[in-house]
Amino acid sequence: MARNKIALIGSGMIGGTLAHLAGLKELGDVVLFDIAEGTPQGKGLDIAESSPVDGFDAKFTGANDYAAIEGADVVIVTAGVPRKPGMSRDDLLGINLKVMEQVGAGIKKYAPEAFVICITNPLDAMVWALQKFSGLPAHKVVGMAGVLDSARFRYFLSEEFNVSVEDVTAFVLGGHGDSMVPLARYSTVAGIPLPDLVKMGWTSQDKLDKIIQRTRDGGAEIVGLLKTGSAFYAPAASAIQMAESYLKDKKRVLPVAAQLSGQYGVKDMYVGVPTVIGANGVERIIEIDLDKDEKAQFDKSVASVAGLCEACIGIAPSLK
């Protein structure tokens, strides 16, 4: 059986980490694409030279032409400008929208059957634009947000409770930005909901509120520490988990930015929701009950994403 083909559009810090993880997990052969000559070729060769040490078989190809992604099973898009200190994800809008237009055209021409995962920020608006520019069906184009945001929430909770991250489940809905909605009621430690753990005296509501805010600020915290770039290890690991669920038809329940068609009262927009990811892409969108406060937060998050999409249309009217 032929190996799967994974195309990575953008060979920066996330792109290189994606390639390494795809190799380590033997998900398939990898094509690294970038407009910077030498960068994808150099990273590809470097990772390939690690394969005898780590014991994995995969071919790594660096390219500066979209033709190299032809027939890819999965395309992961990281191309664009990363955040710098003081920048919000939204500041990147104008620059990265132009990048999505070029990437969408490349995918449409060379990999129209692929499952596409977008990581470029501002995430919810960029994946929405990418789906329109590429013309791919919405269930085959998703944004990586919720897996990362939930992972941050889970890690902070595991630290607070001094338990294994494996025993913590966490739920984050909404846009990938300051308005994201971490849901304490649906988050658990070994099946015990967080509100119950507060009642049991494991933590206080004040501490939990601070963890929720730290989750919202998770990306900015790393940008502030690194000073010259943004997070790349956890975002890459999150996208690989999504790609693996698709390639292996695992049907994982993963929070991703998916196009909604009436669920949660939202239409024709990409927002972070729990989904089932399998061989057909987004196979199910899970619509959970939200209480009044959660719904208000979610609606605020949706309004924020809608504003970004409107701004995109202002820059590129063809998106309307």
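Each Cβ is built from the backbone N, Cα and C atoms, and glycine gets one as well.
Feature annotation from Swiss-Prot assigns active site, proton acceptor to HIS176; the stated evidence is sequence analysis. Here the Cβ of HIS176 (active site, proton acceptor) has 29 other Cβ atoms within 10 Å, regardless of which shown protein chain they belong to.
Around the Cβ of ILE14 (NAD(+) binding site), the number of neighbouring Cβ atoms within 10 Å comes to 27. What Swiss-Prot records for GLY10, SER11, GLY12, MET13, ILE14, GLY15, ASP34, ASN96, ILE119, THR120, ASN121 is NAD(+) binding site.
Taken from Swiss-Prot, the feature substrate binding site covers ARG83, ARG89, ASN121, ARG152, and the record attributes it to sequence analysis.
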Residue, out of the binding-site residues GLY10, GLY12, whose Cβ gathers the largest set of other Cβ atoms within 10 Å: GLY10
Separation of alpha carbons, HIS176 (active site, proton acceptor) and ILE119 (NAD(+) binding site) (Å): 10
Distance [Cα-Cα, Å, rounded] between ILE14 (NAD(+) binding site) and ARG152 (substrate binding site): 17
Separation of alpha carbons, GLY12 (NAD(+) binding site) and HIS176 (active site, proton acceptor) (Å): 21
Number of Cβ atoms other than its own within 10 Å, given for ASN121 (NAD(+) binding site): 28
Cβ neighbours of ARG152 (substrate binding site) where a neighbour is any other Cβ within 10 Å: 24
Inter-residue Cα distance where the pair is GLY12 (NAD(+) binding site) and ARG152 (substrate binding site), in Å: 22
